[in-house]
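Data block below; observations after.
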């Protein structure tokens with residue numbers, strides 16, 4: 001529509017939520033696919049192809065114009081058409097320019113300058129006014145809402161303390177103190193009455209009829225008890241009595257120790273949501289899956305590379321002796337641990353009922369990672385170590401993984417920005433970067449890293465290299481002489497294509513479910529090579545003895561069979577296919593998968609003879625789901641099996657919910673994770689004894705077990 005009168009009357013509000021990538025999700029269903037922002041208010045909702053929450057908002061509020069965040073086009077509900085014109089202020093043009101800058105901009109990590117962290121959005125101008133008169137540059141990305149909230153809370157505490165010391169404050173506190181005293185007295189009387197009632201009930205209860213108890217009571221009755229007067233205690237001097245009284249320091253220490261002893265996990269370990277920071281659902285789903293893989297999680301709970309990267313990058317450390325350097329590094333690790341693992345608490349709370357373990361809604365249950373990196377040395381291993389400790393501490397229901405996102409932006413530039421990304425590509429890139437980081441750290445200045453730490457790095461590297469590593473046998477058979485040529489190739493996942501009957505885009509194909517075993521059958525089936533393209537060594541070796549003619553090519557067939565099974569089997573279902581030159585469409589066929597997978601039919605003969613039948617069985621551990629109809633848009637969630645609670649969890653960014661295996665089977669799977677069931681000696685054959693001895697839960701010394709607000 002070239003001209004819409006409703007757009008000409010539009011007045012875009014300042015500080016609209018569309019300018020904040022963290023709010024690019026539907027306020028009703030939390031999806032990030034087909035997001036429409038109302039231009040008359042700050043409401044954000046999904047489009048008509050999802051659940052029509054944007055249309056329902058128009059029907060309730062009569063706000064006509066909405067703006068699509070990803071594709072950046074406007075739509076008028078009253079005109080029922082897309083809008084091409086703009087208002088007099090040029091708000092739509094400015095909005096498109098701003099969103100294009102947000103999506104295409106490279107986001108550097110901001111380093112504090114003069115103890116002030118520069119904010120960007122309109123909300124953080126309040127923080128700047130509160131902190132000082134410094135101007136706010138518009139080209140910085142991170143926000144400081146959490147820091148502003150902390151300063152406001154601290155300022156409120158300071159003013160409240162000052163007010164309580166004043167005459168007016170003390171006078172106002174008298175009625176409150178009287179009510180508290182009366183409340184404590186009533187509670188004490190109620191407790192006494194309850195104790196007296198229970199005592200009376202016990203006295204009126206008839207004796208038990210048990211023969212065993214009667215026999216023991218008769219035996220006890222024959223024992224004569226002679227009372228003996230205890231000698232009086234020696235008189236204590238006044239000085240000793242005074243010294244025996246607890247001091248204020250003793251009372252404080254006892255209070256802290258009692259609180260630590262009584263502390264219980266507030267949520268089930270591992271049931272921690274990850275906030276969507278702007279189209280980061282692909283990262284959140286992959287991180288949830290990796291944290292629920294027991295072997296992978298234990299490795300990174302044990303290993304932290306940050307302090308050793310700092311030592312290796314220091315020029316001054318090279319001049320020190322080996323013992324002095326290692327001692328300083330260890331001291332730096334212990335003293336700087338709390339500082340490096342800094343988080344900011346937020347007042348968000350909540351999980352679905354049944355997962356919080358009785359957590360109080362008033363308690364701070366969200367951790368917000370600092371906007372700047374936790375260390376000047378970017379390390380994905382370090383960020384995984386910190387994140388897994390928080391997620392499996394049982395203390396936090398929600399985490400905002402800013403530091404992890406900034407490390408991904410810095411070390412994997414292809415995922416920089418707020419554009420839609422593919423979870424499978426991100427998983428492959430993340431594992432590749434982690435592997436390279438472990439390899440380079442182990443070989444970088446080995447004299448500065450203790451032997452035990454180098455051994456631990458080697459063990460973790462071995463796990464990362466082998467947990468997903470498998471091998472398949474590529475066998476080519478010459479149809480002229482039946483000679484077979486075998487080649488061993490490695491794989492870290494199996495990309496499975498849909499059978500031919502599901503490749504068409506008709507409704508009949510989409511209505512018929514596909515079995516994951518059918519896709520494995522297609523992967524291992526015998527494939528005929530087109531034409532005479534195979535150069536058979538056997539045929540050419542016989543011909544060269546009797547003739548000098550050129551090389552002869554023959555027809556052949558090829559088959560792939562698995563010869564080495566991985567510890568964790570990743571099955572990537574190739575749902576996206578090219579349609580035309582530049583368009584990739586999704587195959588929306590439902591794939592049927594079971595909780596147990598038998599890989600015996602897909603292995604070669606040598607593997608079948610070498611392994612026991614139980615070694616071919618795999619249990620489903622996690623599933624990554626893609627919601628939506630296209631490659632460039634959609635939403636990722638994950639189903640993960642929580643071994644601590646013994647239940648399945650649906651991880652939808654910050655929203656986590658308990659689910660059944662039937663719900664998992666109904667999901668539209670994109671990546672399947674199966675863990676090998678049988679091991680040789682009762683535990684994982686890839687996990688070293690040093691890692692096995694480590695607890696699954698992080699240490700209570702981490703920041704995850706603290707409710708203190710950190711800057």
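The backbone N, Cα and C atoms fix where each Cβ goes, glycine too.
According to Swiss-Prot, the features are:
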- 281: active site, nucleophile (ACT_SITE)
- 635: active site, proton acceptor (ACT_SITE)
- 4, 6, 76, 79: Zn(2+) 1 binding site (BINDING)
- 26, 29, 46, 53: Zn(2+) 2 binding site (BINDING)
- 38, 41, 57, 63: Zn(2+) 3 binding site (BINDING)
- 171-202: compositional bias 'Basic and acidic residues' (COMPBIAS)
- 239-251: compositional bias 'Basic and acidic residues' (COMPBIAS)
- 272-677: domain 'USP' (DOMAIN)
- 170-251: region 'Disordered' (REGION)
- 685-711: region 'Disordered' (REGION)
- 2-99: zinc finger (ZN_FING)
Practice problem: Consider the recorded positions 29, 38, 46, 281, 635 and say which one has the Cα lying nearest the Cα of residue 4 (Zn(2+) 1 binding site). | Solution: 38
Quiz prompt | Cα within 10 Å of residue 79 (Zn(2+) 1 binding site) - qualifying binding-site residues among 29, 53, 57 | solution = none
Self-check item: Spatially closest candidate among 29, 53, 63, the listed binding-site residues, to residue 6 (Zn(2+) 1 binding site) (Cα to Cα)
Solution: 63
Quiz item: Looking only at DSSP and grouping its letters into three states, which state does residue 76 (Zn(2+) 1 binding site) belong to?
Solution: strand
Quiz item: So around the Zn(2+) 2 site, 26, 29, 46, 53 aside, which residues have their CB within 8 A of the centroid of those CB atoms?
Solution: 25, 27, 28, 30, 31, 45, 50, 51, 54
Quiz prompt | Nearest of the recorded positions (63, 281, 635) to residue 53 (Zn(2+) 2 binding site) - Cα to Cα | solution = 63
Exercise. Could you say whether, by DSSP, residue 38 (Zn(2+) 3 binding site) belongs to a helix, a strand or a coil region?
Key: strand
Practice problem: Looking only at C-alpha atoms, tell me how far residue 76 (Zn(2+) 1 binding site) is from the residue listed as 'active site, nucleophile', rounded to the nearest Å. | Solution: 29
Quiz item: Which of these recorded positions has the least crowded Cβ, counting other Cβ atoms within 10 Å: 6, 57, 635?
Solution: 6
